Amino acid sequence: PNFKGPIHNRGCTDILCCILFILALLGYFAVGILAWSQGDPRKVIYPTDSRGQFCGQAGTPLEKKPLLFYFNILKCASPLVLLEFQCPTTQLCVERCPDRHLTLVKAKLGSKDDREYYQQYCKPGVDFTKQSPPEILRDGLCPAMLMPSKSHRRCLPALGTMKGGVVVVGNETTFDAGQGVNINATEVLESNMVVEARQVAMRIFEDYTQSWHWILLALVIAMIVSLIFIVLLRFLAGVMVWVMIVLVILVIGYGIFHCYMEYASLKGEPGADVTIRDLGLQTDFSVYLQIRQTWLAFMIILAIVEFIIILLLIFLRKRILIAIALIKEASRAVGHVMSSLFYPLLTFALLSVVIAYWAITAVFLSTSNEQVYKVFNTSECEYSRETCDPKTFNTSNASAQCPDAECLFAFYGGETLYHKYLILFQFYNVFLFFWCANFVTALGQVTLSGAFASYYWAFKKPDDIPAFPIFSSLGRALRYHTGSLAFGSLILSVVQVIRVILEYLDHKLKGAQNKFAKFLLSCLKCCFWCLEKCIKFLNRNAYIMIAIYGKSFCTSARDAFFLLMRNIIRVAVLDKVTDFLLFLGKLLIVGIVGIFSFFFFSGRIKAVEDAAPSLNYYWVPILTVVVGSYLIAHGFFSVYAMCVDTLFLCFCEDLERNDGSSDRPYFMSPELPVHLCSLKKKKRSLVLVLEQCWFLYCEDL
């Protein structure tokens, strides 16, 4: 009978997990410091030659040589190139890329112009008059051949496709490799695709450096729009929900109309009828927008989404009225706890710190490899394949004992203890990113649920509500339940990391012919996706119970689970319909901001056409703004979602706790709609319970 909201007299929970989380954070900081001391992010911005020099960097001898040339592009056919930002072959900074096919032997025997042309792709100091081609190749001074290339900061083979799918490089299907070996153009395709994929990553990085301030401005606008929408929802809940539904239908309808207009405008244009399959993979994604099939696909997808939303609205029209009533009650709670509207800003700031720390650490870890040189020789030598330093090799014992030995570039990596465990550091970085991000989300859920629970259980509103419910709830969460939050987020992080590993294995097995392995992997992916959704749902309700009663994570999760199972009909109908309505609100904000960002970054707004940045892919900032806007809208709407879930769980607990048998019943929120009780099959008995509660309450007054 003395229960008046979240218990204040509570103790620390899940202490061991709290200690483990603190130690993991200290290790995370140590990995970050180690990565920042070893890595060099300039490797992402500037191409790097085999000596570690940056091509085209201002103020260096290579300022006028901005392009990177690979001696043997076939050695780049490895997915590790994407992760390590390096290719295991000799690389040279050049002023321009080769534009014709030429072998070292032909250049040696050819004219003076051929020798001078070939020499610009060799290491300094090569003398064609004194050294034979075998000696030059043995010393690694020149490539065995040149092939026509295109330049995008790196010289990549100019691949093309003739009719019938024949791959060519400069209209040739085979090449003389210069060592008595012919190379098919198809063999170049795999290495070229890997390096091209890396090129796409580089261009995306460049686009971010050009448009980050506009992206930030768009995200601020999304934040303002979300805040205005939430404030209006507080005062005009019923009207805003219907306005939101209508606007979502109109925005998606405009998307369908725009796709149709683009589809119709390309009719009769040369090359517009090419299919996406015939076009293949292109690094210039703007090419896809020049064919009709792309806009037709967009139009079909939007039409399906529109149809599904309208169908759901028709079948759930009665439940939507009940959900609107619950949102109105949530609006009253938000009105008494107005500071909850600004709490998502703290969550957004903390998540930004977590994401930024993870991204920066990942870049530094990926660029911390060094040039490794090994001793290569033709005769027996005890120093063979040992690490060497090219600067001091001529005066070392290896050079004296093995006259034919050379110190040549072997690969990018490192043989120190740090480089041996580099892949583990990358994995640790990913795992801690998930753990920290989930912890920040959990902290927000516990804080908001504690504040809204204090509203629900207040005997007299607003007198019994604490002066600063958000700060009080945040203080309790950090002081007593850091371990419980770390425990719940750890379980979720483990499942998410397993899903990432399964996605990686699925990518690796795409070319495999084992049907059973593919089937098993698909089943595992589906099961872990369902498991992640279930854990998120259980964690969310467990955090509400933690905020109210202050028990450990496992105890709270058990209590929340059985409470929800005893009220499964209400959960299935009310909770999910309310989530659907709030999702429409997120969709509306994302649609508004996404449409304006599309017209701005694509240069279709004449008034600000000059202000728009020049980009390789204008979809990069658009997608970033869309995803960021959704996350921001999700942060603000999560206040309402958490309020609804908290009030709903408190309501279910209240009905079970106060069945009219006690002297002082505590279901005393006259504002809470009676619609909630109409979902029980034994409708009359619940109405009697409410009437009895209200009668005893009036008598008590």
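Each residue, glycine too, has its Cβ placed from N, Cα and C.
TrEMBL annotations:
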| type | residues | note |
| --- | --- | --- |
| TRANSMEM | 12-36 | transmembrane segment |
| TRANSMEM | 212-232 | transmembrane segment |
| TRANSMEM | 239-257 | transmembrane segment |
| TRANSMEM | 295-316 | transmembrane segment |
| TRANSMEM | 337-360 | transmembrane segment |
| TRANSMEM | 432-459 | transmembrane segment |
| TRANSMEM | 480-502 | transmembrane segment |
| TRANSMEM | 580-603 | transmembrane segment |
| TRANSMEM | 615-642 | transmembrane segment |
Seg_contact(the transmembrane segment (480-502), the transmembrane segment (295-316)) with at least 3 CB pairs under 8 angstroms, min sep 6: no
Highest-contact recorded stretch vs the transmembrane segment (12-36), from 239-257, 295-316, 432-459, CB pairs under 8 Å: 432-459
Result, the transmembrane segment (239-257) in contact with the transmembrane segment (295-316) (3+ CB pairs under 8 Å): yes
Listed stretch, out of 239-257, 337-360, 432-459, that has the most CB pairs under 8 angstroms to the transmembrane segment (580-603): 239-257
